[in-house]
Amino acid sequence: MRVCWLVRQDCWHQRIKLPHLEAVVIGRSPETKITDKKCSRQQVQLKAECNKRYVNVKQMGVNPTSIDEVVIGKDREMKLLPGQVLHMVNELYPYMVEFEEVAESPNVTQRKRKRPDCDSQEMEAEAGASPSQCSVSPKTGKHGAAKEESLGHWSQGLKISMKDPKMQVYKDDQVVVIKDKYPKARHHWLVLPWASISSLKVVTSEHLELLKHMHAVGEKVIADFTGSSKLRFRLGYHAIPSMSHVHLHVISQDFDSPCLKNKKHWNSFNTEYFLESQAVIKMVQEAGRVTVKDGTCELLKLPLRCHECQQLLPSIPQLKEHLRKHWGG
């Protein structure tokens, strides 16, 4: 028998059971520990199709619920597949689904828990991708064997970006580098491994050399494409990515981009929500895994603060105007 769990990604202990074909309504409640009043008490209705391994999500609240950054829409429905990320409201409170095989006998019940489909190879072009119903033949590598993909586990925009020579800036047998589809700065690339690794949560010491290679490739791209530019760069990971598959951000620190539109965008790169690449490598080297603190998603709500001089700014337009003073624009 197969059962389905809804698993909060920024609070590792939280799991909500979704019985087969039963409508479950969740939102702001003690069960989810969501207290944000922008999240309705009846934000979404979830109905698990355990046999087919997906969950039907209906947005009931007024404020937007999204799957892999695609907004569902009030009273509309979308399928949530293993490997995809459901944000309960306003791109906050990330959840994923896990399916678990439960083998029953007269005297004992054994459970075999499945990972949330790391093999879906769902990656990010950093926003606005549409769900795909196409399958793609994945590459394999020593850092993770890729299995046959299930239908619809890729976001169409990313698949196109990864295969599109115009988006690719570098590739080798371990990684591909693409331009971020919605760059948050003048220069913004994503370094993505071909190996199927769903998130930092599943990274182990086995992936250490891959992480080092990703960092080295990121530095190579900076050198190759910016030359003698005086722009500063940071290389790092979002603690809780908006879409599934490990990816390293390589981003210039000017943040001069029309795609930088809101507080979440800013704070995802300018608080501890952004994990430095070298810090992640050191963590894996010393502890064998990456630890993300509970409540990390709350960092996205912090006031806007200039990353250069720490001045508080009331809005994104005023922050952008302020930043021009630092880079002389």
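Every residue gets a Cβ built from N, Cα and C, even glycine.
Annotation source Swiss-Prot lists region 'Disordered' at 106-149.
Sequence annotations record features per position, and here Swiss-Prot assigns phosphoserine to S120.
The domain 'HIT' annotation in Swiss-Prot covers 155-260. Mean pLDDT, taken over the domain 'HIT' (155-260), works out to 88 on the 0 to 100 scale.
Annotation source Swiss-Prot lists site 'Interaction with DNA substrate' at S161 (among others). Residue environment of S161 (site 'Interaction with DNA substrate') contains 24 other Cβ atoms, counted within 10 Å of its Cβ in all protein chains. Look at S161 (site 'Interaction with DNA substrate'): DSSP puts it in a helix.
Summarising the annotation, Swiss-Prot assigns region 'Interaction with DNA substrate' to 180-184 and lists similarity to another entry as the type of evidence.
Residues annotated as site 'Interaction with DNA substrate' in Swiss-Prot: H238 (among others). Classification of H238 (site 'Interaction with DNA substrate') by DSSP places it within a strand.
Taken from Swiss-Prot, the feature motif 'Histidine triad motif' applies to 245-249, supported by sequence analysis. Here the motif 'Histidine triad motif' (245-249) has Cβ contacts under 8 Å with residues 83, 121-124, 180, 188-193, 196-200, 203, 214-215, 218, 234-238, 269, 274, 277 of the same chain, all six or more residues outside its ends.
The feature active site, tele-AMP-histidine intermediate is assigned by Swiss-Prot to H247, with similarity to another entry given as support. Cβ-based neighbour count (10 Å, all protein chains) for H247 (active site, tele-AMP-histidine intermediate) stands at 25.
The site 'Interaction with DNA substrate' annotation in Swiss-Prot covers H249 (among others) and rests on similarity to another entry. The Cβ of H249 (site 'Interaction with DNA substrate') lies under 8 Å from the Cβ of D180, H188, W189, L190, R234, L235, G236, Y237, H238, F269, F274, each of which sits 6+ residues away along the same chain. A strand conformation is recorded for H249 (site 'Interaction with DNA substrate') in the three-state DSSP classification.
Residues or ranges marked as site 'Interaction with DNA substrate' by Swiss-Prot: K264 (among others). A helical conformation is recorded for K264 (site 'Interaction with DNA substrate') in the three-state DSSP classification.
Beyond its flanks by at least six residues, the zinc finger (304-326) meets 253-256, 260-263, 266-267, 270 of its own chain at Cβ-Cβ distances under 8 Å. Feature annotation from Swiss-Prot assigns zinc finger to 304-326.
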Cα separation, K264 (site 'Interaction with DNA substrate') to H247 (active site, tele-AMP-histidine intermediate) (Å, whole number):
18
Among the recorded sites H238, K264, which residue has the largest number of other Cβ atoms within 10 Å of its own Cβ?
H238
C-alpha spacing of S161 (site 'Interaction with DNA substrate') relative to K264 (site 'Interaction with DNA substrate'), in angstrom:
24
In the region 'Interaction with DNA substrate' (180-184), how many residues does DSSP call helix, how many strand, and how many coil?
0 helix, 0 strand, 5 coil
